[in-house]
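Trainee: The structure follows.
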Amino acid sequence: MSKSTAEIRQAFLDFFHSKGHQVVASSSLVPHNDPTLLFTNAGMNQFKDVFLGLDKRNYSRATTSQRCVRAGGKHNDLENVGYTARHHTFFEMLGNFSFGDYFKHDAIQFAWELLTSEKWFALPKERLWVTVYESDDEAYEIWEKEVGIPRERIIRIGDNKGAPYASDNFWQMGDTGPCGPCTEIFYDHGDHIWGGPPGSPEEDGDRYIEIWNIVFMQFNRQADGTMEPLPKPSVDTGMGLERIAAVLQHVNSNYDIDLFRTLIQAVAKVTGATDLSNKSLRVIADHIRSCAFLIADGVMPSNENRGYVLRRIIRRAVRHGNMLGAKETFFYKLVGPLIDVMGSAGEDLKRQQAQVEQVLKTEEEQFARTLERGLALLDEELAKLSGDTLDGETAFRLYDTYGFPVDLTADVCRERNIKVDEAGFEAAMEEQRRRAREASGFGADYNAMIRVDSASEFKGYDHLELNGKVTALFVDGKAVDAINAGQEAVVVLDQTPFYAESGGQVGDKGELKGANFSFAVEDTQKYGQAIGHIGKLAAGSLKVGDAVQADVDEARRARIRLNHSATHLMHAALRQVLGTHVSQKGSLVNDKVLRFDFSHNEAMKPEEIRAVEDLVNAQIRRNLPIETNIMDLEAAKAKGAMALFGEKYDERVRVLSMGDFSTELCGGTHASRTGDIGLFRIISESGTAAGVRRIEAVTGEGAITTVHADSDRLSEVAHLLKGDSNNLADKVRSVLERTRQLEKELQQLKEQAAAQESANLSSKAIDVNGVKLLVSELSGVEPKMLRTMVDDLKNQLGSTIIVLATVAEGKVSLIAGVSKDVTDRVKAGELIGMVAQQVGGKGGGRPDMAQAGGTDAAALPAALASVKGWVSAKLQ
């Protein structure tokens, strides 16, 4: 009996654990501190800084099953999903890693043992082929002489991409940095399937399928292209879980493995589909995985960056559900079946199931309102099409008006063998794309490119002043030996009391100083293991190796500490008041305010906001001790410590506890006791995205300032109402009631005046071919009274055509009325349109009543004068 996908995942991790590897949990799909990457798309992403030497772990061997997304950006599989056997937006990458530990020999032997041993995967050895980089004789000989693979099944792959070291079998992180040859393992499905071995003209067939890529990082590529051997070479491997599951379960398509069969059946059930071979079922089964896990990792549907990619995937799934005949919202109903089929890998998703379902349901409902109209428009345009390409302007209109991502439009067109003019679409989108790029923060940032070999020791938990030594200087992202007065720079010290921005807490400000210089620190950021002090040299000069005194702005840090501790109390209070579905989706803690984004599906009620405030202030009055402990990550989670969205944690973590009320993982700076916070006040609650709310709050002196401001406002209002704050509500109610009564009386007077004006106007009507025509500009009449006057005049005049106008604040208001016995010859909508056009406006309405507005008051007399001639022509 073949292994299930869940069993294959566990077997892989168990095998490498038995070989001394640390089992590391999958990192978030949102890469940590890597603006170059849209989504986590490979197992090595979370170890990138380790390979670059910027981070150190307490293990040298690791194994993971990493959740990955490839949709948007450089790695984009979206358009192929549903049309091929192996493309997915979401997949799991099984990997084993060596950080300067074992190398080629052990990496190859481990792979061979796992794949072929009867205890593990037991694949037939004769079905396995391998490739090596053309000049990697070492790997070739290991495969041939130690493993025993015949020469005819070992294929050398050279530089096949037009440049030295540009090969399918040579991996590189970028233009410079760690790189090296790789060896790939292929499985031969048999000659009943078309395709040839790797490197052959038929290699794109489905007979020979790559199942494992083993990268040997043994060189450091220099800017001039030279390859320097790394002192401690490393190993990075990746094997797609879905691909190896297809091999072990003896199927040729990833969509035929147990995991997808179960999901496809669930999709069929919620959409009412009966043909299980329909490609739309495969699309939806794939898309629920990427969408659900992206939302669980904090991504929300939006029109920018990661949120827009998520929205595109959701809408593509909804459209395929529409094709299957789904009559109601269905997509969110697949989260439960997904959790069931993912097994232990779905535990994070299960904790957030209600939130994920609500976000998906809301997004589907919003898109459903425009989907049918958009598809109808697209059908109309395609029916009129004479060629085989839909113009970019129409594609953009579908996006702008109906929310159709261009790839969804392309999806529909492809089914009819029609292309989309994507260049034209991009031209129409360019301005919006430029704005999105600017807003995203994904633009150029010299400091983001800084790479520091040294590490900084943070001593800011216990010190606000400290002596240190300059270990590196950077100007515009480039290392320099010295800086002079007036230069902006990043200064790295061997030890520092300055806190670098992390966990939502902003970086410290302060001063680095010596006998002959002063450097104003405006921000503090992390660069790998180093801490960079960002600012400007105010006086003197500073060079690498200089001793400095580092002074943190103590008052600012104190305010930040209070706000950060209050954030923890509020998080716990929200979970008590609203429910345990609340989880952090983002935060900002500075010296003025704390901002907290959290999962919740509706606006908080006033009584809920008050309950959270009261609960936090109760903990402040308890004056609970705020304590920190260092412990293993798993032990901390077992203790109930909450981990924060978007943060990457080491194996040893700092656990912050506030009595029995709050326990979280946190590396930030905090008060000593909750009583130090003094007072907590929520100043706003709002929505930021579907299923995400935002609270802003203040503490300490900031909270007291808001109390004083509220008191001052109440005193001012009480003075204006000639009362005091004790009976202010009664005073306001009395004023409002009196105001409503006066407004009612005023409206009655206006109606009486309008009726009198109508009576006066009726005598000014003239006869045009047996119909009474009345055209008049009125002064001192509110625009909204014109309609009442027209109704009165129609009752008085019988067969009639009426045009009334008034000007208020430079804007023209027009209304036309036509008695029903005349509407077969004169229509009010046409008449008002003719007049409005002359005063720079437009309007419309029914044949018997229409209204309009305009901006050119000076043209009004001439426009009204033209009515008689126009009507006469119509009545002849």
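Placed from the backbone N, Cα and C atoms, the Cβ positions cover glycine too.
Straight from Swiss-Prot, here's the annotation block:
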type: MOD_RES; residues: LYS74; note: N6-acetyllysine
type: BINDING; residues: HIS564, HIS568, CYS666, HIS670; note: Zn(2+) binding site
Trainee: Give the three-state DSSP assignment (helix, strand or coil) for HIS564 (Zn(2+) binding site).
Mentor: helix
Trainee: Which chain-mates of HIS670 (Zn(2+) binding site) that are at least 6 residues away have a CB under 8 A from its CB, listed by sequence?
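Mentor: Looking at Cβ-Cβ distances below 8 Å from HIS670 (Zn(2+) binding site), excluding near sequence neighbours, one finds ARG561, HIS564, SER565, HIS568, ILE626, THR628, LEU656.
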Trainee: Identify all same-chain residues not among HIS564, HIS568, CYS666, HIS670 whose C-beta atom falls within 8 angstroms of the centroid of the Zn(2+) site's C-beta atoms; report them in sequence order.
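Mentor: Near the Zn(2+) site, the remaining chain residues are GLN505, ARG561, SER565, THR567, ILE626, LEU656, GLU664, GLY668, THR669.
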Trainee: Would you mind checking how many other C-beta atoms are within 10 angstroms of the C-beta on HIS568 (Zn(2+) binding site)?
Mentor: 24
